[in-house]
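A.B. asks: Below is a structure I'd like to ask you about.
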Amino acid sequence: MLSKLPHQQQQQHPLSSSAAASMESSVRRPRGRPPGSKNKPKPPVLLTQEPSSMMSPYILQVPSGNDVVEAINRFCRRKGIGVCVLSGSGSVANVTLRQPSPAAPGSTITFHGKFDLLSVSAAFLPPPVSNFFTVSLAGPQGQIIGGFVAGPLVSAGTVYVVAASFNNPSYHRLPAASAESKEEEGQSPPVSGGGGESMYSCHMGGSDVLWAPTARAPPPY
């Protein structure tokens with residue numbers, strides 16, 4: 001004959017509140033995305049090539065004993081760009097300029113000696129645009145000369161030239177004032193960048209040699 005179990009053994013012991021909370025927390029999914037999900041750090045974007053700008057500044061150093069004009073011309077051909085010379089400093093020797101003579105156009109005059117560069121204005125462009133190189137110089141006795149360079153401009157010391165380069169310039173032939181009302185304004189195709197012709201083979205019109213009087217000594221007091 002089976003004996004009855006005690007009343008305490010027959011009843012199921014209810015779970016305590018702390019045990020129920022621990023079981024519930026173990027069943028719940030953790031908040032946030034698990035490691036290895038879509039929130040991975042992205043690799044940095046590396047630029048392998050910088051975007052080329054339309055204009056870039058250059059400081060050109062020409063050693064002593066070199067032709068300044070031809071040195072800049074070689075630099076443009078090697079880079080395949082055109083430059084606009086903004087300024088220059090240094091000294092040159094034995095300068096040849098175009099002489100303003102109506103009777104003999106295109107004649108030149110050579111000044112011997114050492115001269116300091118006061119100002120430089122030049123442009124090195126691909127054909128069909130003609131290049132030009134003008135200078136203003138100061139002599140040893142204070143005389144000022146200037147004009148279009150028609151021969152080698154040999155540096156008598158280190159010459160520094162500040163220039164700005166430009167790529168693929170557009171060439172526009174502007175109509176005359178009388179023909180502007182009759183013809184529509186057109187645009188010529190852009191000139192591709194590249195080397196230019198020799199500086200001394202281009203034709204210049206209206207070239208002038210600028211003269212200034214020799215500086216006089218101040219009057220005695």
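Just so you know, glycine gets a Cβ as well, placed from its N, Cα and C.
Taken from TrEMBL, the feature compositional bias 'Low complexity' applies to 1-25. Taken from TrEMBL, the feature domain 'PPC' covers 51-187. Per TrEMBL, region 'Disordered' is recorded for 1-50, 175-201.
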A.B. asks: Count the residues of the domain 'PPC' (51-187) that DSSP assigns to helix (H, G, I), to strand (E, B) and to coil, and report the three numbers in that order.
C.D. replies: 16 helix, 65 strand, 56 coil
A.B. asks: Suppose you look only at the domain 'PPC' (51-187); what would the mean pLDDT be?
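C.D. replies: Taking every residue in the domain 'PPC' (51-187) and averaging pLDDT yields 86.
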